[in-house]
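Q: So Swiss-Prot has the following annotated:
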BINDING   C16, C18, C37, C40  Zn(2+) binding site
Amino acid sequence: MKADIHPVYEAIDATCSCGNVIKTRSTLAAPLSLDVCNECHPFYTGKQKMLDVGGRVDKFKSRFGAFGATKAK
């Protein structure tokens with residue numbers, strides 16, 4: 001590798017919303033915040049969990065859901 005062209009690779013803490021702290025290394029010098037990790041993800045825990053993240057479909061339904069709700073006969 002060439003000297004002085006690569007970014008600094010530092011140790012950082014990635015904190016999950018459940019409180020789990022993961023130590024990792026990154027070129028990003030600031031701590032990271034994660035939504036899910038292996039301690040709280042439904043795939044790893046086997047529990048169904050509703051995440052508080054609304055997608056584009058939910059946003060569309062909340063704005064335009066009432067327009068197609070009733071059908072005139």
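Glycine residues also receive a Cβ, built from the backbone N, Cα and C atoms like all the rest.
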Q: Between the binding-site residues C18, C37, whose Cβ has more other Cβ atoms within 10 Å than any of the rest?
A: C37
Q: What are the other residues, in sequence order, whose C-beta lies within 8 angstroms of the center of the C-beta atoms of C16, C18, C37, C40 at the Zn(2+) site?
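A: The answer, listed by sequence position, is S17, G19, N20, L34, V36, N38, E39, H41.
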Q: DSSP three-state call for C40 (Zn(2+) binding site): helix, strand or coil?
A: coil
Q: Specify the secondary structure state of C18 (Zn(2+) binding site) as given by DSSP, simplified to three classes.
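A: C18 (Zn(2+) binding site) sits in coil per DSSP, no helix or strand.
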Q: Inside 10 Å of the Cβ of C40 (Zn(2+) binding site), count up the other Cβ atoms and send me the figure.
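A: C40 (Zn(2+) binding site) is surrounded by 18 other Cβ atoms within 10 Å.
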